[in-house]
């Protein structure tokens, strides 16, 4: 390969304000690790699937890539060299109300471009029809949703016919009781229950746009997302259940809506039937009462291929959450293809994604992907630790799950709990295991393979993002690609990866490469924009390295062609697979009257992958020396509670360090790199600190962390 960016163009200053931060962080990260050992990690070939199946099941099984790795390489090459042909053939897997004119808007070489990123132009379809109607017509009694409630033994199933009826009734509530129109945004703040999926499907059925907010966010965060999307309608529950605890979702919504004047209606599903929940007449509607008013069928609204399907807010390095906007046709197709090929989905499969619909994993691989394929999706309301650490494996055996997809954080928790919780379960129904949200450490990968996969199952260690909509780098189940413990492996179809030098932007070639991960051209499910802020979309993703999509992650490629994801190189922390903006957390802390300055960074954590650390300077600096230890602890607890209330419990700092000052350059910029190094125990590897205006602060910071 030859460099895609010439030295003349890369010698200029970057046009994005964030490139200097990203390149410095990436360069620092790369210098502090040795990645040459990755090549020595052994390649693992899973046992052929037919060897693990009964003779009857083996006869029925038809792999989606029967030609294995060679077929993958051939199809991947075709998806890059002839994308129009590749995607046109596979677009027939969707049902269209109106055929499209062309697959994408091509450049002079017949390839898609970031500048004109539109797919299946002038075609019309409907997401809900593709997820529900077509399967309800052909296999009405097939189970679409299996629901496992927080409490064991509670739950139920919905067939595709039953799902269609419930979706149609909620769609009519939206249209006629709540006056939701095509193109309106609808905010969804719900737990992992079937009604959450029904809600999303009903919204898409009428051509509206869903904006799901994770039901762990605070009222302030919910308010900000409702206002940014200008949602006039909110759908929620009275309460929710998780890990044996009750969460007051309706109360949180009510608090958020004190500052959302545009909201006219709230639809409430009664999950717990708590009679003490307050309802506001004229605004709040009872789900159970409303569904009684409407008939069991209403037609779908055709929408253009590029019609916005949903918004999903993700953390940004500048603090304010970004409403990532996905279009309909391209997202649907790539979600379907990733289900088909990554997981080697068969029609009778039961797919269990242990992820929340408040994040992209729940969107693509709990809702859209499985239902597009016409298989069964399992919705789990609870946690892996309630009522005990065997819960996941009980569910797998109970429902005969065929694919299990989970974040490494949960696996680390279960590994730490002890192997006894994995014993006594068959797990024979499983055909593949998945990992999502963050890189999985080799030792966790090996535990997952041995204890859950019996050293027989493929582990698809998937790398992707809210912005990508579906998998970017992943092994393929069904024995289609080899694996290495801890490696994301190979690019998915349509994904043209590049490893760039973080400073120059020049593509790194050769057997071994390290740098930042970028992508050379768009793919169907690539996000179209940031809601109402396309300039921010360009500045964040396309301007840091012109001609490329900048993922924000560091990467290494070994001599065997495997890609290894090395973590964030921007000011985003990945905690338990959740991307959190350090700037947003800093803003929450600085709002407190006692705080003068704050710098938030991530540090390695054995359980959550990364954790949040906040270095805080108080306005009254004398209190650091005058206060007792218990008073200092009270200050720290107060600041943690502040973040929990302003953003959500999952964003709370694990470590707060009260300091006299922060390390700053002469221009006043905080050198967060120094803070990260100190937390990593690398105080002897701080690098160039000559630009510090207060070099004496370094020893104070080191001593403060040790306390």
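These residue numbers are counts, starting from 1, taken along the chain as shown.
Placed from the backbone N, Cα and C atoms, the Cβ positions cover glycine too.
Features of the protein shown, as given by Swiss-Prot:
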BINDING   242, 243, 244, 245, 361, 576, 644  CoA binding site
BINDING   437, 438, 439, 461, 462, 463, 464, 465, 466, 553, 568, 579  ATP binding site
> What is the separation, in Å, between the Cα atoms of residue 243 (CoA binding site) and residue 466 (ATP binding site)?
Replying inline: 26
> How many Å separate the Cα atoms of residue 464 (ATP binding site) and residue 242 (CoA binding site)?
Replying inline: 27
>> Assuming the binding residues for CoA are exactly those in the record, 242, 243, 244, 245, 361, 576, 644, what is the maximum CA-CA distance in angstrom, rounded?
In response: 24
> Taking the Cβ of residue 464 (ATP binding site) as centre, how many other Cβ atoms lie within 10 Å?
Replying inline: 26
> Including all protein chains shown, what's the count of other C-beta atoms within 10 A of the C-beta of residue 462 (ATP binding site)?
Replying inline: 25
> Between residue 568 (ATP binding site) and residue 644 (CoA binding site), how far is it from one CA atom to the other, in Å?
Replying inline: 23
>> For the C-alpha pair, I'd like the distance in angstrom between residue 361 (CoA binding site) and residue 437 (ATP binding site), rounded off.
In response: 8
> Going by C-alpha positions, which of the binding-site residues (437, 439, 462, 466) is nearest residue 576 (CoA binding site)?
Replying inline: 437
> So what sits near residue 466 (ATP binding site) in its own chain, CB-to-CB under 8 Å and at least six residues off in sequence?
Replying inline: 312, 314, 324, 359, 360, 527, 579
> How long is the line from the C-alpha of residue 462 (ATP binding site) to the C-alpha of residue 242 (CoA binding site), rounded to the nearest angstrom?
Replying inline: 26
> When a 10 Å sphere is centred on the Cβ of residue 437 (ATP binding site), how many other Cβ atoms does it contain?
Replying inline: 25
>> These are the binding-site residues: 244, 439. Which one scores highest on other Cβ atoms within 10 Å?
In response: 439
> How many other Cβ atoms sit within 10 Å of the Cβ of residue 644 (CoA binding site)?
Replying inline: 16
> Just how many other Cβ atoms lie inside 10 Å of the Cβ on residue 243 (CoA binding site)?
Replying inline: 14
> So of 242, 245, which of the binding-site residues has the fewest other Cβ atoms within 10 Å around its own Cβ?
Replying inline: 245
> Out of 244, 245, 644, which of these binding-site residues is nearest residue 437 (ATP binding site) by C-alpha distance?
Replying inline: 644
> Going by DSSP, is residue 361 (CoA binding site) part of a helix, a strand, or coil?
Replying inline: helix
